[in-house]
Amino acid sequence: MKISPQQQQPVATPTARDRLSYQVALSSYQSRRGLDRMAWVTWLLVLGMSLLWMLTAYKAALAAGAHSWLAILTHVWANAISIQPADDASLTQVLIDYGAKYNPAIVQQHEYWRFLTPMFLHANLLHLGLNMLNLLMLGIFLERLLGHTRYLFLYIITGIISILASFYFAPEEVSLGASGAIFGLVGVFSIFVITHRRAFPFGGLFSILYLIVIIGINLGVGFMIANVDNYAHFGGLISGCLLGLCYSPLYRSSSPYTVVDRHSLTKRWPLALLTILGTLILTVISLYLVGTKV
């Protein structure tokens, strides 16, 4: 990235150089690639998960015995605002059929695709709405900053690791939802803010405090409300922080007026392959450890 003539100025101190590196890289990214461009991966994720919720809610209504359109709409609306009654397992069964994390199916029936599909399923409209709101608020900016491919790569990998955490630490729970992957994005963004804290007002203090509050509220809700998988949240957050160290944009000056992102996926594709391999190895280890307990 080259600094325009208007942006050229002396770089006297490391702090000033870091601030200039970040600001120029961000400005150049916006003008050349478009930080205001369409974050189509995020929007496709939101659209796909919304349609999938409508499908599972419809199937659950049919499984519960609703046949007329009025009965189906009534059941779907009930699902939109609450979870299923204790004496009605139709929704749980539908979600399992559509790919929720269900350890017996993974271990005994070898349905390993369940390490991927749960991050796209949601139990009710409230569950979906909160996750999609968080995804839009954070994901749109992160996708524009990371680029489509790196963003989707981190979303999927942290989502899988969050499911692995739930698979190992909560073997009896049926688990689903995008929150583990969203916590992964929070971890990636946290590392980005900390890495470039000199470029933010007050050393990024307010951005860091904001992230701490968001993480604390979401984890706190998980401890206070039943049916919330905090193991998946922790798995996503920790993996997001670790992967953020490797893939979060790292803007540095290669010359007084040139800024590069040392963590771009084009530069780190061998590490990306190793990350995928490491995730597969972690999956195999988890399968072995959980399988020995069955």
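For all residues, glycine too, the Cβ spot is worked out from N, Cα and C.
Taken from TrEMBL as is:
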type: TRANSMEM; residues: 38-58; note: transmembrane segment
type: DOMAIN; residues: 110-248; note: domain 'Peptidase S54 rhomboid'
type: TRANSMEM; residues: 119-140; note: transmembrane segment
type: TRANSMEM; residues: 152-170; note: transmembrane segment
type: TRANSMEM; residues: 176-195; note: transmembrane segment
type: TRANSMEM; residues: 202-225; note: transmembrane segment
type: TRANSMEM; residues: 271-291; note: transmembrane segment
Chain residues in Cβ proximity to the transmembrane segment (38-58) (below 8 Å; excluding those fewer than six residues from its ends, i.e. six or more beyond):
72, 75-76, 79-80, 91, 94-95, 98, 120-122, 124-125, 128, 131-132, 135-136, 139-140, 143-144, 148, 151-152, 155, 178
Beyond the flanks of the transmembrane segment (119-140) by at least 6 residues, Cβ under 8 Å
39, 41-42, 45-46, 48-50, 52-53, 56-57, 79-83, 91, 95, 98-100, 151, 155-156, 159-160, 162-163, 176-182, 185-186, 189, 227
Give the mean pLDDT for the domain 'Peptidase S54 rhomboid' (110-248) on the 0 to 100 scale.
89
